[in-house]
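Each remark here refers to the structure printed beneath this line.
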Amino acid sequence: MALTSQSLFFSPLAAGPSRRVGGRSRSTSVSAAASASSHNLQPHGHPQQPLAVASSSSKSESKGSKTFALASAITAAASGAFLLASSGGGFGGGAGGPLGGGGGGWGAGGGGGGGGGGGGGGFWSRIFSGGAAHADEKSSGDWDPHGLPANINVPLTKLSGLKRYKISELKFFDRAAGGGGAFTGPEDSFFEMVTLQPGGVYTKSQLLKELETLVSCGMFERVDLEGKAKPDGTLGLTVSFVESVWSAAKQFKCINVGLMSQSGQVDFDQDMTEREKMDYLRKQERDYQQRVRGAKPCILPDNVRGEVLGMMKKQEKVSARLLQRIRDHVQKWYHNEGFVCAQVVNFGNLNTSEVVCEVVEGDITKVEYQFQDKLGNFVEGNTQIPIIDRELPQQLRPGHIFNIGAGKQALKNINSLALFSNIEVNPRPDETKEGGIVVEIKLKELEPKSAEVSTEWSIVPGREGRPTLASIQPGGTVSFEHRNIYGLNRSIVGSVTSSNLLNPQDDLSFKLEYVHPYLDGVDDRNKNRTFKTSCFNTRKLSPVFVAGPNMDEAPPVWVDRVGFKANITESFTRQSKFTYGLVVEEITTRDETNSICTHGSRAMPSGGLSMDGPPTTLSGTGIDRMAFLQANITRDNTEFVNGAVIGDRCIFQLDQGLGIGSKNPFFNRHQLTLTKFVNLNKQEKGAGKPLPAVLVLHGHYAGCVGDLPSYDAFTLGGPYSVRGYGMGELGASRNVLEVASELRIPVRNTYVYGFVEHGTDLGSSKDVKGNPTEFFRRVGHGSSYGLGVKLGLPQRYTGSDQRQMCPAKTSSWMRQLTSSSRQGHHGDVLRLFFTGVRLQAGSRGTVDPWPGAVPTALRACAHLADVASGRLIHALVLTRPALASDAVAATALLDMYSKCGLVASARKVFDEMASRGDPVVWNALLACYARHGLPEHALALAVKMRGIGLCPDLVTWNIVVSGFALAGDDLMAGDLVGAMKDDGFQPDVVTWTSRVSGSVLNFQYGRARALFRAMMVAGGRVLPSSATISTILPAFANVADVKHGKEVHGYSVVAGVEQELTVSSALVDMYAKCGLVLEARRLFDKMPQRSTVTWNSMIFGLANSGHCQEAVGLFDRMLRDGAKPDHLTFTAVLTACSYGGMVEVGKILYRAMQVEYGVEPRLEHYACMVHLLGRAGRLDEAYGFIRAMPLEPDRFVWGALLGACRSHGNIELAELAASRLLAVEPDNAASCLLLSSALANAGKQDDVFKIKRLVKRRRLKKLDSCSWVETSL
């Protein structure tokens, strides 16, 4: 059964076939249903999870990926000139229009796209629905045999309407490919509208409906669906097609059709006359042109539009596959920029000079707030909506396009109110406006009233200096809070603190504060002024009356402040605020007996006290009263990155005395504090990412003009100085200046830091009344430096996880440890191990790292190359005699050092072992020598092993043989094989494989092939394993010996190892390097699982064969499949971008490599980027890129720039690149020859002769190139 474009008229409004008008179809169109999973916005970037932040963790960070993707079907047009999908089926289905109900796939006539849906739900209902459009597929396993002769072709019309057929095979045949046609795989995204799946069970009507979908989707000019009877009673289906193609387009237009009103339903009457049909078509064209003119322009930037135009100009005609790539390209930009709800839904104006891309961008129509109780039930909230609404960023309000970044900012802003325990931001479709988005914010409020009691106990001397029960003093704090009064975020907070609650009058301190935000009204979003008033009583130890370093102790002086404070805070931005207000207070100075203290004192050599010290108050009575104005400007641009503060903070404070109070104090105090936290390794936020290294720069200046009482004097010693010297230890003065720097280096979830600082009083100590600095023999300046460990940083796992990782019983702990090791979670193994060790140290041996746990932890260290953790475990072993004498633990230690590259440490472990009678220990050290290119040491150790009475086994011989083979000395390896036979051991598959591997790694491909043939000649004694096959295949791949590579492929099929991951990966690599990309892709698509190596080989093969778009598409598929790209993956995909001229895509991938995937750029990545920019003619940008490299450019980087300069005729930059290339590689004439070629192209023959004379004079040699020609062996 076949339908062609000549027999069917592809109008989205058509209800059936129509006759051709004027010899060709006048108007056809397509529109596609886009489908995707539910997309709740979440701060860490994971779809299908609500975005939630607990108010108790207001400094929590975003974790995880920032990548978002919504799957969608392609949208394009068939062979017509205009698009209108407002009724009569098609994409819209019924009267729903382009955004109305129905089927997935391309829609045109007769309920296209799988039948449509009648206009219900619309576009967003599919975007946010969880299921795919596979409604016709039956999940039941019951099916009926076809009952037909085997291997005959069966038209669908010949099938029985009463049977349910099982589809065992689905193939697609492109009639136009390669002249005679070619098959392509069903996984091609070109067929994403097809709902048929191998293994599915379908009826005849369902298969005919699927064919109708393919016919009406507009992708194909001719399409046919035919069955083939299989011997097992199932059917194989073949879809043969000819891809739709339109005339070339010169313009590209993108419009936003999200909130456009849709046209009403128009019925296409099959009994229309030719004139009526022509009038009908003209009306559709006029309606569509009016629709395009009335649509809003998209936010798609000009550079992306230019890239799309470039894609269109590269092809002579517009094809369905081209429209698919345009859709993917446009949607990728939207999603990368955070517009995760944007979807391309239609293409129109095909067969004209302009292609119109219709996009539903996700316009926000309204914001809804929902309050929930602790159980998740919807309740009426206490908080007034305007309080929350003013926190929304402008980009998350109606009239804007939904953006994931704005959603995260809304979470942060709302969370800063400290009113909610949980917040979620979810976009959902607007049921009343097609294409619109409703931003749904769900909130769980904190309890409006709360109280807290925290207690502490202190012991003071009792009788005769001994603590007694009566002298044990209970202290603590009682606090309470009434938040969100009247739902307006007003609050009352109070606290009472005392070190002795039984006798609180001695040191009782309290604070009562009232906060009244939004003085200018809640609805005024441009202003945010907060009024705050408080009364307080505080006590602090004075840092002024402190003895210097060369003086006996001085009696302490306490400073009590009781008063009232009122201020107003204006928030300019969320980072900057200005506070001003009035402070009225009474200051009292007291001694240790709580009596008023008028003067400071110090201890005399005689043992008495000198009471002639400086006055403690301005009045000299021990009591001062004053009133002053206070202002503060704060600019805080800090944030938390993986538990560390990053950014900068600036605080300026001013106190202005009013001359009111004791002695009429009139003064002006001012302070400026600057702190900079520098992220040295540019660490990005993310789950599982390490702490950043931080450089902290700190500066503090303070000064006073006018009256200066001692309790307000500035003391040297700030946030950093408290480590080097005590607060106030250096002196008290009118002016101080302090500078400090600190380097914080992360080591296992904490910081090791070093600091240096300096403080000076600027010679103003004598300005303080009574000169306490001189009286207490202190200096007015000082410096300090030191090292330390900063504890208490956030852990990498939650408290619940920690409890799970630290069970009370050793058996449970060991089971978790072993399970994590088997699953390859080596980081979890180390965390479990060290947690268990800590518990054992604090719980009298509840968890004991007995010998079974130590080897497991050491194997994890070896996998992670974590030498630091390995050394810690080594220290633990040395402290426990039972572990130190355990041969298994010692062997694991030796193996750990070996795999971490520390050969000397491995040998030291071996030499210090108490017993070395086990051959396993000797073999471990032998493997260490062999692994690190020391085969002679391995052989000598084997001889020594025999000398002490230990006979080498087969493992020993294989290790020594592999050592010489890996070192490239296969002759010695062969001699050792003879010695092995003399010792009674026959070479096994490991022996042969190690020799083949050594030859391949040392580029001795001929010897590798000869060894493989000798192994095959050996017959049934030794047969190649999967490891052998995967080892020999690179020998054929690297010399393009596809003939013998195919023979090995055939053997792998016979041996039944073709589908093993290592073999199939090597086969893909071999075919790709030999230029047989289609064969490589066929194998790649058949693989049940793929490693990163497999993806890399296929992407490299596509890129090197000129299939650059496919290479980038395969990389995107790799990410969708959950594979983790490595540095070679990005080398491959950047190479594809370079060869394909995809500059912007390459730059995006280069940034994503570092930011999203944590891959540090290597020299090969820099060379790819220079090549990418150079081929595009952006030479200045390429040179600037090289100058910004943190690594020293190698010959490949400079060579890429030089080659680009030659191609584009930039002589000046070519000379620079050539000189740098000669400096890197002085003996290579390639740079001079490239430069001479560039000069010759520019017509500078004299300079060319100079270059050639230079090459001859310096006897430079050009590195020889070679080509491989296949010959018989």
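In case you wondered, yes, glycine gets a Cβ from its N, Cα and C as well.
Of the given residue ranges 13-59, 577-623, 765-811, TrEMBL assigns the label region 'Disordered' to 13-59. In the predicted model, the domain 'Bacterial surface antigen (D15)' (484-795) shows an average pLDDT of 85.
Residue counts of the repeat 'PPR' (1091-1125) by helix, strand and coil are 26 helix, 0 strand, 9 coil (DSSP-based). For the repeat 'PPR' (886-916), DSSP puts the residue distribution at 22 helix, 0 strand, 9 coil. As a summary of secondary structure, the domain 'Toc75-like second POTRA' (252-363) carries 51 helix, 23 strand, 38 coil according to DSSP.
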